[in-house]
Amino acid sequence: MVLSQRQRDELNRAIADYLRSNGYEEAYSTFKKEAELDMNEELDKKYAGLLEKKWTSVIRLQKKVMELESKLNEAKEEITLGGPIAQKRDPKEWIPRPPEKYALSGHRSPVTRVIFHPVFSVMVSASEDATIKVWDYETGDFERTLKGHTDSVQDISFDHTGKLLASCSADMTIKLWDFQGFECIRTMHGHDHNVSSVAIMPNGDHIVSASRDKTIKMWEVATGYCVKTFTGHREWVRMVRPNQDGTLIASCSNDQTVRVWVVASKECKAELREHEHVVECISWAPESAHPTILEATGSESKKSGKPGPFLLSGSRDKTIKMWDVSIGMCLMTLVGHDNWVRGMLVHPGGKFILSCADDKTLRIWDYKNKRCMKTLGAHEHFVTSLDFHKNAPYVVTGSVDQTVKVWECR
């Protein structure tokens, strides 16, 4: 590339300034003589530090170019994977596509949980900043903040109508919110340590919670009384989730096990122990996934009767496991994440599993073939939570980078 006379003169003056300001006197005087520079103090102020500025801006631009190239490659891949035909793709096969539709800021600490509202076009996020925030996922607008907890909010859960929201916190309480008036209508005390997980039961009459005090408790929504305590885990209980009809609850713990409990009798129906580290998260597979699961695993479970139920678990051992609860067996292990798995769920269409992890990615698994079919660099930091909308083509993720991201699926 040939420089014009003016550009050459500017470059020479910038080099001369660099040599002089860094004390290379001999090189400076030789260069000045050879480049035939007439150094003028006023004129030279313009070139002070210019070489370093240009150098750093070149590096910055190079980084930007690389980022844009990778986005371009991603976009090309999207097109070859069925850009124009995407319209014809069956909604059961919709998966999140980069880049995100919205990156929402507002929390002042890591985001711990994100969930969609079952009816309205809003989603809710919980954070270590002790707040719960409500956002419109279609417009990306922030709607309101629910304040009441005095420490990190660890988990949130809607009832099936979306009129009630339950939250739990490191402040050792569980709160029930009227999601129409956005007021806290009840605070439940009873755990002796950080309450790490909460879920409203499918019938809407009870709430289950899990705590660092090693117990799981069941609470009556109408009164706020604790009506049952499930004991058995030997360490911090990380998460609790009821199955679809509310007859079973699953829990996972720092003791590296997953347990399944019969709600009516409080007995532990299964203790699933194959993970090699803390089990961070669990998720029940919906019935829509049962045919694919049976096909993928050739599971022997109740060939005559109803299959399953099936449960997913994600661990700090970086794996996701699928279990047939009726026989207490691990059906498959998905390996691919490079760090702790923090969340996973079965795609509403039943064919895929989505997961997020501390490797900052969101992954889509074709579990029938036990392979990761897509990896999205989702956040700048650990991805702590994800949710897939049951009817609309959206996925939401939350992260330690304090943002909530909305991903469109197609």
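Every residue number used here counts from 1 along the chain in the order it is shown.
In case you wondered, yes, glycine gets a Cβ from its N, Cα and C as well.
Check Swiss-Prot against the ranges 56-82, 83-109, 191-217, 299-325 and you find coiled coil recorded for 56-82.
Using a Cβ-Cβ cut-off under 8 Å and counting only residues 6 or more beyond its ends in the same chain, the repeat 'WD 3' (190-229) has close neighbours at 154-161, 164, 166-170, 172-174, 176, 235-242, 244-246, 249, 251, 253, 261, 263, 266. Using DSSP to sort the residues of the repeat 'WD 1' (106-147) gives these counts of helix, strand and coil: 0 helix, 24 strand, 18 coil.
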